[in-house]
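Chemist: Feature annotation from TrEMBL assigns transmembrane segment to 7-26, 90-115, 127-145, 151-176, 188-211, 217-239, 304-327, 339-360, 367-389, 395-413, 434-458, 464-482. Residues annotated as domain 'Major facilitator superfamily (MFS) profile' in TrEMBL: 13-488.
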Amino acid sequence: MTEDKITGTLVFAVLTAVLGSFQFGYDIGVINAPQQVIITHYRHVLGVPLDDRKAINSYAINSTEELPTGPYPGDPTPTSWAEEETTASASLIIMLWSLSVSIFAIGGMIASFFGGMLGDRLGRIKAMLVANILSLVGALLMWFSKLGPSHILIISGRGISGLYCGLISGLVPMYIGEIAPTKFRGAIGALHQLAIVTGILVSQIIGLDFLLGNHELWHILLGLSAVPAVLQSLMLFFCPESPRYLYIKLDEEAKARKSLKKLRGSDDVTKDITEMRKEREEASSEKKVSIIQLFTNSSYRQPILVALMLHMAQQFSGINGIFYYSTSIFQTAGISQPVYATIGVGAINTIFTALSVFLVEKAGRRSLFLIGMSGMFVCAIFMSVGLVLLDKLPWMSYVSMTAIFLFVSFFEIGPGPIPWFMVAEFFSQGPRPAALAMAAFSNWTCNFIIALCFQYIADFCGPYVFFLFAGVVLVFTLFTFFKVPETKGKSFEEIAAEFLELQRLCKDNLLFEQKLEGSSVF
């Protein structure tokens, strides 16, 4: 069967597309390693006094501590204005650093709404080319940040890079989902997440102090994402456009057939064309679907709610909290260089994402998601127990360490990669761009909320924080069990029919309950 073949053209097109996902991951992780170096440079540019530097250093190491406002050495009677100036300048540096990190998520939230629209207007290939302009501008601003007002250039560059990643978080899953054969759609869709975690891991490794994460080379580390941007831009010229876009959106069957023949490695593309013809007929009858219609139209309401819940499950599972706690737990366990243990977590992240690529077509999307969430629930419990008993039983740090590695493993088996491509599978061509834009916005928003709130939650809950995440994971696991259909090996029409069947069952159950309530009155 022609749709079951993996061809060289398909491999080339997918690898080219996920270079954007790699940039996404690189931009997520690159800012962490050179944190102290960049903060030091901010101080130098802004002329922050010496003791201010100590205050900021203390804050950067442990953000829950108050900034020191004591006198300068050798000045036994400091004036109040000097203390205020010290605190104000220290607060300014901290604010600029926080903005350097968070502006990336804000850019992603804004741009995520426009990925689907840009893909529909320009086509998937041209849209990714245009997005790369943002990537190059952001990378160049950061590359040259050492030569000018570094805080302004880094914040601007991070914001523009966030805009790029917001676009790409919708465009890449859309493109690779549309060119993939049905049999391999899940495995190919998981490559988006694999490329993201690979980008994070690479940024962690080359961000080590003896490589690029030092005072001389940190600006090159930040601007290095320009390299995959240029490479992807060149490779995109040799990639076929999405046949679904050509046939369904532009009504150019000849070009769609030509694209399919390249991707499938065969002249017989009848089955793909027949499936797309049915999809186009449905798309023409449903016209263009707006984001509002996703929630008001009963045909789309349940799929979009399920899609959003999957992305919320991914972000609210506590995975970012795991990375937050990992360094301190590794230090407690007596590891002299916890940064290497954290890189080990990144490596586990990448290995198990790669494993999910092979598992997703064998076990199915829903099954892997449930296995992953269930495993994360158990690991979160053990993580919390380990943290609570750490003071009384030092060996509990090893329980927590093991829980970290297993938690990350379970996350990348299911909740990490699956939400991104399942959204593309839930919807036909008409509503897909709006659905992907909404899902990407949801993911970015949840990411931003966690980044903003986790510190406060951790301070409030202390070592019990992962009991809270265990409860959240349990809720999402139950939701997945009852509401999420299996999409493995099914066409878009079959998946839509399964959602309709779920809706019908829900209505039948509701009517049955109402009848029971009515009969109980008498």
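Using N, Cα and C of the backbone, Cβ positions are placed for all residues, glycine too.
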Chemist: Please report, as numbers and ranges, the same-chain residues at least 6 past the borders of the transmembrane segment (90-115) whose CB is under 8 Å from any CB of it.
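Modeler: Counting only partners 6 or more residues beyond its ends, the transmembrane segment (90-115) has Cβ contacts under 8 Å with 27-28, 31, 35, 38-39, 42-43, 46, 48, 52, 55-56, 59-60, 67, 127, 151, 154-155, 158-171, 174, 291, 433, 436-437, 440-441, 443-445, 447-448, 451-452.
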Chemist: Tell me whether the transmembrane segment (188-211) sits in contact with the transmembrane segment (339-360), defined here as at least 3 Cβ pairs under 8 Å among residues 6 or more apart in sequence.
Modeler: yes
Chemist: Give residue numbers and ranges for long-range contacts of the transmembrane segment (367-389): same chain, 6 or more residues beyond its ends, CB-CB under 8 A.
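Modeler: Counting only partners 6 or more residues beyond its ends, the transmembrane segment (367-389) has Cβ contacts under 8 Å with 310, 313, 317-318, 322, 325, 329, 356, 359-360, 396-397, 399-400, 402-404, 406-407, 409-416, 418, 463-467, 469-470, 473-474, 476-477, 480-481, 484, 486.
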Chemist: If we skip the immediate neighbours and take only residues 6+ beyond the ends of the transmembrane segment (395-413), which ones have a Cβ under 8 Å from one of its Cβ atoms?
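Modeler: Cβ under 8 Å, 6 or more out: 193, 197, 317-319, 322, 325-326, 329-330, 332-333, 341, 344-345, 348-350, 352-353, 355-356, 359, 368, 371-376, 379-380, 382-383, 385-387, 389.
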Chemist: At a threshold of under 8 Å on Cβ distances, which of 127-145, 217-239, 434-458 pairs most often with the transmembrane segment (7-26)?
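Modeler: When the Cβ pairs under 8 Å are tallied, 217-239 comes out ahead.
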Chemist: For the transmembrane segment (434-458), what are the same-chain contacts with Cβ under 8 Å, counting residues 6+ beyond its ends?
Modeler: 63-64, 101-102, 105-106, 108-109, 112-117, 166, 169-170, 173-174, 289-291, 293-294, 300, 303-304, 307-308, 311-312, 314-316, 320-321, 324-325, 419-420, 423-424, 426-427, 465, 468
